[in-house]
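For reference, Swiss-Prot has these:
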TRANSMEM  35-55  transmembrane segment
BINDING   CYS96, CYS99, CYS121, CYS124  Zn(2+) binding site
TRANSMEM  147-167  transmembrane segment
TRANSMEM  183-203  transmembrane segment
TRANSMEM  207-227  transmembrane segment
TRANSMEM  230-250  transmembrane segment
TRANSMEM  253-273  transmembrane segment
TRANSMEM  288-308  transmembrane segment
Amino acid sequence: MPTASMTPNPFLSGSPEHAAAAGPLAAFAALPTGMQLAFAIVLGLVVGSFLNVVVHRLPIMMKRAWLAEIAEATGAPCADDSLPARYNLCVPRSACPHCGHALRAWENVPVLSYIALRGRCRHCRTPIGARYPLIELASGALAAGALALFGPSGAALAAFGLCAALLAMSAIDMQTGFLPDSLTLPLLWAGLCVNLWGTFASLRAAVIGAIAGYLFLWCILWLFKLLRGIEGIGYGDLKLLAALGAWLGWEALPQVVLIAAVAGAAVGLVATWRGRMRFEEPLPFGPFLAAGGAATLFFGTPFYLLLGG
C-alpha cells in the first residue's frame with residue numbers, strides 16, 4: 001500500500017488538483033473516459049509491437065555479443081557474421097525472419113496487419129507466429145487494465161511499464177529458457193525508484209522485498225542442488241523475483257510465489273500428461289513469476305489473505 005509522504009507523488013498526479021503540475025498528463029485526464037481507454041489500448045498495441053522486436057532481437061544480440069567475446073578471447077574468427085554490422089532494437093528495419101523481406105509500414109500495424117496478411121508473410125507466404133498478435137493484444141489489455149485501476153496518472157504508466165517488461169521477459173524465457181540481465185536488473189532499479197514516493201509500496205518494503213525475493217529463491221536453488229545435485233531454478237528467476245519485490249514490496253512476495261508455484265505445477269502436470277514434455281524436463285519459471293506479479297499488482301493480495309496469510 002502506498003504510504004503518506006510530505007513530498008507530492010508525481011506518479012499519482014492525474015487528478016484535477018494536480019493539473020498544473022502534471023503537464024501532458026493533465027490534458028489526458030481531461031479527456032472523456034472512452035477516449036482515455038481507446039488511447040491506452042492503442043498505446044498498448046504499439047508498445048506490444050515493439051515488445052515483439054525485443055523478444056526476437058534481444059536474444060540474437062546477446063548471442064552475438066557472447067560469440068564476439070569468445071572470438072576475442074580465443075583469437076578465432078567470430079562464428080556468426082550473418083547479421084548486419086549494425087543490429088540492435090532500432091536498426092535494421094523489421095523483416096521476415098524466414099526470407100528477409102523488409103516489412104512496409106502497413107505491415108507493422110499491430111494486429112490488423114496480421115489479419116490482413118492472414119497470418120503469412122506477404123513475400124514468401126511462410127506462416128507468421130501467433131506470438132506476434134498475442135503479445136500485442138496482451139499489451140493492449142494490460143494498458144487498459146492499468147488505466148482502469150490507477151486512473152490517468154503516472155502510477156498507471158509505471159504499472160503498464162512493469163507489465164510490458166514482464167510480458168517481454170516471459171516470451172523470451174519461453175523461447176530461450178533464460179531471463180536477460182539487461183531486462184531484470186533495470187526492472188529492479190526502476191521498482192526502487194518508483195517506490196521512492198511509496199507508489200506501490202513503501203521504500204522500506206521495496207528494499208526488503210528486493211533482498212527477500214532474491215534470497216528466498218537462492219535458498220531454494222541451493223537446497224535443490226544439495227538434494228538433487230542440479231540447479232532446479234535459474235539465476236534469472238532470482239533476479240526477477242527480486243525485481244517484483246522492489247515493485248510490490250515484501251508483503252506481496254508470498255502471493256507471487258504461491259501463484260507462480262501453483263500455476264507452474266499445473267501447467268507442468270498437464271503438459272506431461274498430454275505428452276508435450278517429459279517429467280524431468282525443465283519448465284521456464286519466469287512466465288509464472290510474471291503472472292503472479294501481474295495478478296498481485298492488479299488484484300492486491302486477496303488470494304494470500306484467503307489462505308490465512
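Cβ atoms here come from the backbone N, Cα and C positions, even for glycine.
Within the same chain, residues at least 6 positions away in sequence whose Cβ sits under 8 Å from that of CYS99 (Zn(2+) binding site) are CYS121, HIS123, CYS124, THR126.
Counting same-chain residues at least six beyond the ends of the transmembrane segment (207-227), those with a Cβ under 8 angstroms from any Cβ of the stretch are 188, 191-192, 201, 233, 235, 237-239, 241-253, 257.
The binding-site residues in question are CYS96, CYS124, and the one with the fewest Cβ neighbours inside 10 Å is CYS124. Long-range neighbours of the transmembrane segment (230-250) within the same chain, counting only residues 6 or more positions beyond its ends whose Cβ lies under 8 Å from a Cβ of the stretch, are 162, 169, 173, 177-181, 184-185, 187-192, 194-195, 200-202, 205-214, 216-218, 220-221, 224, 256-257, 285-286, 289-290, 292-293, 296-297. The Cβ neighbour count for CYS121 (Zn(2+) binding site), using a 10 Å radius over every protein chain in view, is 18. Taking the mean position of the Cβ atoms of CYS96, CYS99, CYS121, CYS124 as the Zn(2+) site, the remaining same-chain residues with a Cβ inside 8 Å of that point are PRO97, HIS98, GLY100, HIS101, ARG122, HIS123, ARG125, THR126.
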